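K.L.:
Found this in TrEMBL, in case it helps:
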DOMAIN    14-403  domain 'Cation/H+ exchanger transmembrane'
TRANSMEM  72-91  transmembrane segment
TRANSMEM  97-120  transmembrane segment
TRANSMEM  172-195  transmembrane segment
TRANSMEM  215-243  transmembrane segment
TRANSMEM  263-287  transmembrane segment
TRANSMEM  299-323  transmembrane segment
TRANSMEM  343-368  transmembrane segment
TRANSMEM  380-403  transmembrane segment
COILED    564-591  coiled coil
Amino acid sequence: MGVVGTNILKKYLPKFPEPFILICLGIAMSFTKAFQNFELEPEFFMLLVIAPLMFVDGQRQSFAKIRSRFKLIVTLSVVLAVVTVVIVGSVTNLIEVAWTLPLAMALAAIVTPTDAVAVSSMTSSSQMPEGVNQALELESLFNDATGLVILDLALTVLGNQSLSVADGIGRFMFVAVGGIAVGLFLGWLIVLLRVRLSLNINIDHPEYSVIPVSLLTPFVVYLVAEHLGMSGILAVVATGIIHNWESNRLRLSATQVQISQRVIWDTISNILNSVVFLILGITLPTVARSIVKMVPGELLGLVGLAMIIYISMLLVRYFWALWEHEGSAVQLLGAKDVQQHYFYSKIFAISGIHGTMTLAMAFSLPQVINGQAFPFRDQVILVATMVILISMLVSAIVLPRLLPAKVENYSSDALEVVRGKMVDYAILQMHDQIPDHAVREALSQQLQSQKGWGTVDRDQLTQDYQNGMLEIKDFISDFIHSPDVLQKYSRLTILLFEKFVDRIQVEKLPKHHQFWWFKKIKQRLKHTRRKIRWDVQLQRDPKQRQKMMEMRQLRQQWQEVSSHEETRQLKLQMQQEVTDLTNEVIDASDQKLDQMLKERLQAKHGDNQYIDVMRQNLDRYFQKMQRNFKSDVQINSDLFIQAFQYEMTYVRQLVQNDIIPQALAAELYDEINQAQSLQIQQLNDTNVAESTPLTVIEASN
């Protein structure tokens, strides 16, 4: 619910960073019964949240990138993290004299991990330099594990266990390198299994086997590595990197499996990234309760310590970025002694945001160590929380001022307009090729659903619809009074159809529309003038008077026929005439609506939904007139494929003529491909084969 609520609120708070919305909702959720006295369980948090996220991060890294930037990755994730721990731990030990050095190092290890996802959320409206962004991603890839290993070493020393420098380095290498080795080995085995399942032609639905294996992978790898005393986080990242190789090997084979996996993992990743900040918000009241127990002097001292720790880490990151100017670092942070290098170093330093991983490590501190209460546990958790909040606030305030605003290649409004024109173009092309009205309308309704209705201007839609209905009513009235129709059908049939036209409702236009009354009066005057002209002709022309008398007699006969079951021939004849005339009116109306749509497309109008609404309403009236209601319309899948090809052609023409940018075209291409896959899948699910002929199943009422 918190994730859903955030997606709704961020529409109304575009300048408010999404992590802060999630944190605020998390704080609000903490007051509900379900989350009162909530305390983060680090083991479950690492397994259920961090492990899948790190697995996805690993999947996004390629072997080529890891190999070419291996030295930089080690420097960022290990060397920089270790240096930060040593400096921050030493500073903390100097300030808090009551704290032992291992405790200070434990706090430093807790606040060292960074959160690249939080940076992306904070800078969603700013243009982050690509090189800096890559450096932040590479840093966060392994520094979580580095912090965890150092924290474990510090807790070992706090437990009065002897640990020399050599033993510490050896333990670090065992946990870190061992975790990577376990991840690579298990990842290799799992990838072989998944590739074999994906490419095995004897399995009808390989995705039913491959996707469950994929979902279980990070949890199994993490638990195995932790059981062996190695880093589960590093193992999961290594497994993710191995899985990146899988997609390169599969290439364009097993596309259904690959697409399904990507969609599922992207969804899980987005949800878990939001859950991380929700948990942070839910946990804050627990930290606040420990603050209440502290005396003001102690609280101010801890707040000051948190600020000093943050400034120390900021300086370490800044000077490291200035110093690192060789190899891959030049590509990411710029060459030394160049103004851009100083700017990128500043951005890199400020972007060192700390997130829920830091809070989880803080809450992982044991309540009791070596038979005694863990010293200063509440104070360590408070300082870690303050460092998180300070880093997020500084980044949210400073980065948008340093970075240029993100310039979108296209706006959502532009996308909506082009999408509407694209769909309308495809509909017009298909209308010229499909003779069956029912199939034509059913296909049009399916294609129209691509437009969506989320941002439609309802007032404008209503106004356009009402104006269009007035125009189409005039058109139908003129058509049924045309010489060809008058010669072909009896006056009674025309009279019945006049009543039908009068029943077509045009709801009252909004009051602000100044021409509505004029159009309504004009329509009534036109109808009255036509009736007067008819009556005058009756008075002047004996033949017309005779015809009128015959019509009255025919009307009486109609009433008599309607009341006597034994004589229905005349009634059936009249019904056939009404049906034939209705079919002619349908064809003429379709051509008129198509012409209206063409004219609007030529005038570069993209908001043409009202024409689709007119089609739907007129179709309902025509069905009532014919007393013939279509219960189902089956459409050949080839028609959908052809329609989507027309959409592709339209977008391609716009790109070739430099009317829309490539980014907008890519978005539309993606939508068309997804719509095509979904439509074909739905047809398959309803057992409609691709060779199904064009048929209309009718249920007469």
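Our numbering is plain: 1 for the first residue shown, then up by one each step along the chain.
Quick reminder: no glycine exception, Cβ is built from N, Cα and C everywhere.
Unlike curated records, TrEMBL annotations are generated automatically.
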K.L.:
Between the transmembrane segment (299-323) and the transmembrane segment (380-403), do 3 or more CB pairs sit under 8 angstroms, pairs being 6 or more residues apart?
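P.N.:
As far as Cβ distances go (cut-off 8 Å, pairs 6 or more apart), the transmembrane segment (380-403) and the transmembrane segment (299-323) touch.
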K.L.:
Near the transmembrane segment (299-323), which same-chain residues lie under 8 Å Cβ to Cβ, leaving out any that are not at least 6 residues past its ends?
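P.N.:
For the transmembrane segment (299-323), the sequence-distant neighbours (Cβ-Cβ under 8 Å, at least 6 residues beyond its ends) are 80, 83-84, 87-88, 91-92, 95-96, 107-108, 111-112, 291, 333, 336, 341-342, 344-346, 348-350, 352, 379, 382-383, 386-387, 390-391, 394.
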K.L.:
Who are the long-range neighbours of the transmembrane segment (172-195) in its own chain, taking Cβ under 8 Å and residues 6 or more past its ends?
P.N.:
78, 145-146, 149-150, 152-153, 210, 213-214, 217, 220-221, 224-225, 228-243, 245-246, 249-250
K.L.:
Hey, which bits of the same chain come close to the transmembrane segment (263-287), Cβ under 8 Å, at least six residues off its ends?
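P.N.:
Here the qualifying positions are 2-3, 6, 18-19, 22-31, 35, 37-40, 45, 49, 52-53, 56, 59, 117-118, 121, 211, 214-215, 355-356, 359, 363, 381-382, 385, 388.
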K.L.:
Grab the same-chain neighbours of the transmembrane segment (72-91) for me: Cβ-Cβ under 8 Å, and only residues 6 or more beyond its ends, written as numbers and ranges.
P.N.:
66, 101, 104-105, 107-109, 111-113, 135, 138-143, 145-147, 150, 176, 308-309, 312-313, 316-317, 320, 324, 327-329, 332
